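Input: a single structure, listed below in structure tokens.
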Amino acid sequence: MTKHNQEIVTRFAPSPTGFMHIGNLRTALYSWLLAKSQRGRFILRIEDTDQERFVPGAVEVIMDTLKITGLTYDEGPGVGGEHGPYIQSERKNIYRKYAEQLVASGHAYYCFCTPERLQSLHDANGIGGYDRHCRNMSAGEAAQRLAAGEPYVIRQKIPLEGETSYYDEVFGKITLANSDMQDQILLKADGFPTYNFAHVVDDHLMGVTHVVRGSEYLTSTPKYALLYDAFGWERPYYVHLPLLMGRGEDGKVSKLSKRHGAVSFQDLLAAGYLPQAVLNYIALLGWCPKDNNQEIFTLEELQQSFSVDAISKSPSIFDYDKLNWFNSEYIKALPPAEFAERALPQLKEICPDYVALDKLAALLHTRVNTFAEISGMVDFIAAKLPFDAALYTNKKNKTTPELCAKVLSDVRPLLAAAEWQNDKLFALLKDYAAASGVKAGAVMWAVRVAVARKGVTPGGATELLEVLGREESLARIDQALQELAE
Ligand code: GLU
């Protein structure tokens, strides 16, 4: 899908908002994949011409995110390149010349309408838009008013008749009647270009061949295509990505937002997700491999499999359960030492001295979805949970409080003399079950509930005994026996 076999050049052009929305990260990923799958170039450009929305530190957030996720860029802030600067506010002087060129060629015009006039238009017509008041002003009058220093903007002169089409690689042919398009502002009164203008000029000057972005731009792209035509520039390929949706508690699907959960990359990391798990999951939100059902992909594997024709145009739903699954797979794949290194600071904070933290970490490694879950999973270790007699009645293992009390008092002396190792303890309890005729499951249940005081634990009875140590385990069993007797 290249014209004249040229090198593919894509870009990621975020506005610095202070956080990286998951939808933006997906755009970055797909844009990167499109370039890298074809040995092309990937550019990072910061679109900050809306000076009122300046957020300090926001550019760093973008650069950090790309660094953490491995989406390296060949040109951009901090890296440089022959098309810089890559921050639009630093390119301010570039755009005016191009806007004036369009005025000269009859594709744009000076507009001197005051904010008050535009406001009263707006009040009268609602969002009907600009009435093209200055569109037919004579060149002489415009020159005079410019010379007098009147504030002005430059607007695009959209043809009044006909229609404009372009071909989108995902959505197909998109056509808009020219009469449905506004004479949009290209250059603002403060001399800054609008997004609508700046990105077209920059994409052209930077040699971008493929514009990858969210589908919210699908229907404004005809206006951009007209700008390319007006300049006599070759239009780029357009790849608009499907909408990202979230499912609310009521089951309703709407545009993915905070109401559905964490939606920024930074919030997801803070919630305990691994960067590569997030990236892997979002790769599949709108794209899937053509010839298999593979789900776990390294970035390199994605690069090998990616192709634009496998991007779907139907909206994708961001499913937090699915993300949990991806994250647990990535956590399981961590080397044990790396898992422990990440989990231990949390465990040290929560757990008392007597706990065998390395053993606990090993138990958690295969069981957690996110690092943030850990504290909830080990709550029973530090703070003894309240006694709950109902826990001793378990249907599956056929236990009653009475049976549990008998088991606990029988195994108490055996445990006191045992070697404190999971497999030894496990064999001991199994032998006791066989000898006493109590089901092994019931024995394990009684011990587990006595030491943990909860039914769901990261590990079975004897694993917990090992983690808690002999003294603490026996003390908990004693206390359980006492409570059961009462
Ligand atoms: N700055 C725009 C945004 O963040 C970029 C759109 C585009 O990629 O052209 O939505």
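Note: Cβ is positioned from N, Cα and C throughout, glycine not excepted.
Of all ranges given (125-129, 255-259, 420-424, 470-474), TrEMBL attaches the label motif ''KMSKS' region' to 255-259. Among the ranges 14-24, 113-123, 289-299, the stretch that TrEMBL annotates as motif ''HIGH' region' is 14-24. For the domain 'Glutamyl/glutaminyl-tRNA synthetase class Ib catalytic' (7-325), the mean pLDDT of the prediction comes to 95. Tertiary neighbourhood of the motif ''KMSKS' region' (255-259): same-chain residues 22-23, 243-246, 248, 318, selected by CB-CB distance under 8 Å and a gap of 6+ residues from either end. Per-class residue totals from DSSP over the motif ''KMSKS' region' (255-259), listed helix then strand then coil: 2 helix, 1 strand, 2 coil.
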